[in-house]
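Written below as structure tokens is the structure these notes are about.
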Amino acid sequence: MDAFLERCPPAYVEVLGSFGVQVGYFACGMIMEKMRPAYITATSREVLNKSLMNHVVLNSLHFAIATCMGGNSVLSKGYPEGYQLPSWTELISQLAIGLVLRDAVFWILHRLLHIPGLYRVHAKHHEIKNPGDHHIFTISYMSVADFFFLYAVPIASVSRFLEMKLVTALAFSFISATAEQVKLVWGDEAHDEHHVNGSVNFGAYGLMDWVCGTSGQ
């Protein structure tokens with residue numbers, strides 16, 4: 001493994017790790033979908049395919065950026081320090097701080113995408129009026145640009161800002177993605193309310209909405 005890490009540019013190790021995160025995300029999503037209570041609206045295959053395709057495009061973009069950067073790290077510290085395992089204190093503290101910052105970045109970008117001039121980027125996501133009544137993977141039913149701004153930018157920017165090691169960055173990416181799936185298992189009323197009333201519930205986890213006074217009912 002050490003020989004592989006020494007030969008393989010850091011960014012490509014990140015791409016492989018990110019692909020593993022995506023596989024885990026889909027596996028967890030399928031399990032959580034089975035755990036959800038029955039819902040009324042049937043999700044069309046077209047909607048589901050669009051949602052899944054966004055992940056393929058984003059992973060391809062990650063690979064392209066890694067290549068353009070000459071194999072240098074995109075998400076985490078570079079070799080060799082980035083491959084060292086973080087201490088438990090570092091891992092837990094960076095994940096906790098990272099999730100708070102991710103919610104803040106997500107809230108800001110999401111709020112901006114509701115400005116009339118920018119809303120066209122976000123409009124496809126709001127074609128679904130009641131997300132809680134659709135397949136769990138329709139969380140990412142949106143335009144590619146929207147998916148990039150709301151999911152790639154918060155995770156990448158926070159990972160770089162906190163100078164996460166590779167293991168921490170991948171764990172942060174996985175938890176960020178699956179946390180929204182977990183909310184849907186028991187019904188994400190805040191997300192449903194946002195799709196009905198576009199002026200509330202902009203955050204991913206609710207903290208920024210509480211701080212900024214944009215929480216719904």
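The backbone N, Cα and C atoms fix where each Cβ goes, and this holds for glycine too.
What TrEMBL records for 96-214 is domain 'Fatty acid hydroxylase'. In the predicted model, the domain 'Fatty acid hydroxylase' (96-214) has a mean pLDDT of 91.
Beyond its flanks by at least six residues, the transmembrane segment (12-32) meets 5, 55, 59, 62-63, 66, 71, 73-76, 83, 136-137, 166, 169-170, 173-174, 177-178, 181-182, 184-185 of its own chain at Cβ-Cβ distances under 8 Å. Taken from TrEMBL, the feature transmembrane segment applies to 12-32 (among others).
Marked as transmembrane segment by TrEMBL: 52-75 (among others). Remote same-chain residues near the transmembrane segment (52-75) are listed as 9-12, 14-15, 18-19, 22, 25-26, 82, 137, 140, 142, 144, 147-148, 151-152, 155-156, 159-160, 164, 166, 169, 173 (criterion: CB distance under 8 Å, separation of at least six residues from the stretch ends).
If you look up TrEMBL, you'll see 134-153 (among others) marked as transmembrane segment. Only residues 6 or more beyond the boundaries of the transmembrane segment (134-153), in the same chain, are considered here, and those with a CB under 8 A from a CB of the stretch are 26, 29, 32-33, 36, 39, 41, 43, 47-48, 50-52, 54-55, 57-58, 61-62, 105-106, 109-110, 113, 121-122, 124-125, 127-128, 177, 180-181, 184.
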